[in-house]
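**Student:** Structure incoming, see below.
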Amino acid sequence: MIYAGILAGGIGSRMGNVPLPKQFLLLQGKPIIIHTVEKFLMYKDFDEIIIATPQKWINYMHDLLNNYRLDDKKIKVIQGGDDRNHTIMNIIESIEQHKKLNDEDIIVTHDAVRPFLTNRIIRENVEYASQYGAVDTVVNAVDTIISSNDAQFISEIPIRSEMYQGQTPQTFKIKELKDSYLSLTQSQKEILTDACKILVELGKPVKLVKGELFNIKITTPYDLKVANSIITGAVDND
């Protein structure tokens, strides 16, 4: 089975003085997270779409889904965790409460504040996760990447053609991700905050899927301005 996990656990501190968490801010008159949910509903192979949000915003999320007539039976809203990976584990636990997982079950995890993902990106994530077990969505690094050990001087300038910027979705065979996460020590869990990095550190393959430059993450007021420019430009979603 194929599951979607929409990660909406953040409060958006980098967005500044705003009345709502960033995922609920309006983008062309509609909450960002609603744009994202609509994109997931366009991909018809999902058996369940699980939205993980702070507990105090669960009822608000339900109200939004009702207001925008997205009260689809396959959508479920649960409480997120203390961090990204904890939120993903909460989603997996929610699935396990009513389904027995098998080795081929897949979860597509995605930032709620990336509303411009495409069907192609989702489709390739699912296809490659079925084949390789784990997938990360990336775009080529446009700028030269600088590494500094002390934030004062350059330590290294990696070869740009080998550098990529990570996006989401990140997609996994569920049992493999869960088993990998549970194998970590508490200190490792605190350091390895990216799910793909857990698998990489354990020596497991993570396949790359080409993202899109417009698949941006909306975390600052500037990002929101860029997102409004993208959406008014009628960027195609294939």
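Placed from the backbone N, Cα and C atoms, the Cβ positions cover glycine too.
Swiss-Prot lists Leu7, Ala8, Gly9, Gly10, Gly81, Asp82, Asp83, Arg84, Asn85, His86, Thr87 with the feature CTP binding site, giving sequence analysis as the kind of evidence. Here Swiss-Prot flags Arg14, Lys22 as site 'Transition state stabilizer', drawing on sequence analysis. The feature site 'Positions ribitol 5-phosphate for the nucleophilic attack' is assigned by Swiss-Prot to Arg160, Lys217, with sequence analysis given as support.
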**Student:** Pick from Asn85, Thr87: which of these binding-site residues has the biggest number of other Cβ atoms within 10 Å of its Cβ?
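**Tutor:** Counting every other Cβ within 10 Å of each candidate, the maximum falls on Thr87.
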**Student:** Indicate whether Leu7 (CTP binding site) is helix, strand or coil by DSSP.
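**Tutor:** In three-state terms, Leu7 (CTP binding site) counts as strand.
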**Student:** Just checking, which of Gly9, Gly81 (binding-site residues) has the fewest C-beta atoms within 10 Å of its C-beta?
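**Tutor:** Least crowded of the binding-site residues Gly9, Gly81, by Cβ count within 10 Å, is Gly81.
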**Student:** Between the binding-site residues Leu7, Asp83, whose Cβ has more other Cβ atoms within 10 Å than any of the rest?
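**Tutor:** Output for this query is Leu7.
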**Student:** Compute the C-alpha separation of Thr87 (CTP binding site) from Arg160 (site 'Positions ribitol 5-phosphate for the nucleophilic attack'), stating it in Å without decimals.
**Tutor:** 32
**Student:** State the count of C-beta atoms found within 10 angstroms of the C-beta of Arg160 (site 'Positions ribitol 5-phosphate for the nucleophilic attack'), not counting that atom itself.
**Tutor:** 12
**Student:** For CTP, what surrounds Leu7, Ala8, Gly9, Gly10, Gly81, Asp82, Asp83, Arg84, Asn85, His86, Thr87 with a Cβ no more than 8 Å from their Cβ centroid?
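**Tutor:** Neighbours found: Ala52, Gly80, Ile88, Asn90.
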**Student:** Would you please pick out, from the recorded sites Lys22, Lys217, the one with the fewest other Cβ atoms within 10 Å of its Cβ?
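**Tutor:** So among Lys22, Lys217, the recorded sites given, the one with the fewest Cβ atoms within 10 Å is Lys217.
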**Student:** Calculate the distance in Å between the alpha carbons (Cα) of Asp83 (CTP binding site) and Arg160 (site 'Positions ribitol 5-phosphate for the nucleophilic attack'), and round it to a whole number.
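**Tutor:** That separation, Cα to Cα, works out to 30 Å.
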**Student:** Expressed to the nearest Å, what is the distance separating Arg160 (site 'Positions ribitol 5-phosphate for the nucleophilic attack') and Leu7 (CTP binding site) at their Cα atoms?
**Tutor:** 30
**Student:** Which three-state DSSP class does Lys217 (site 'Positions ribitol 5-phosphate for the nucleophilic attack') fall into?
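**Tutor:** In three-state terms, Lys217 (site 'Positions ribitol 5-phosphate for the nucleophilic attack') counts as coil.
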**Student:** Gly81 (CTP binding site) to Lys217 (site 'Positions ribitol 5-phosphate for the nucleophilic attack'): how many Å between their Cα atoms?
**Tutor:** 20
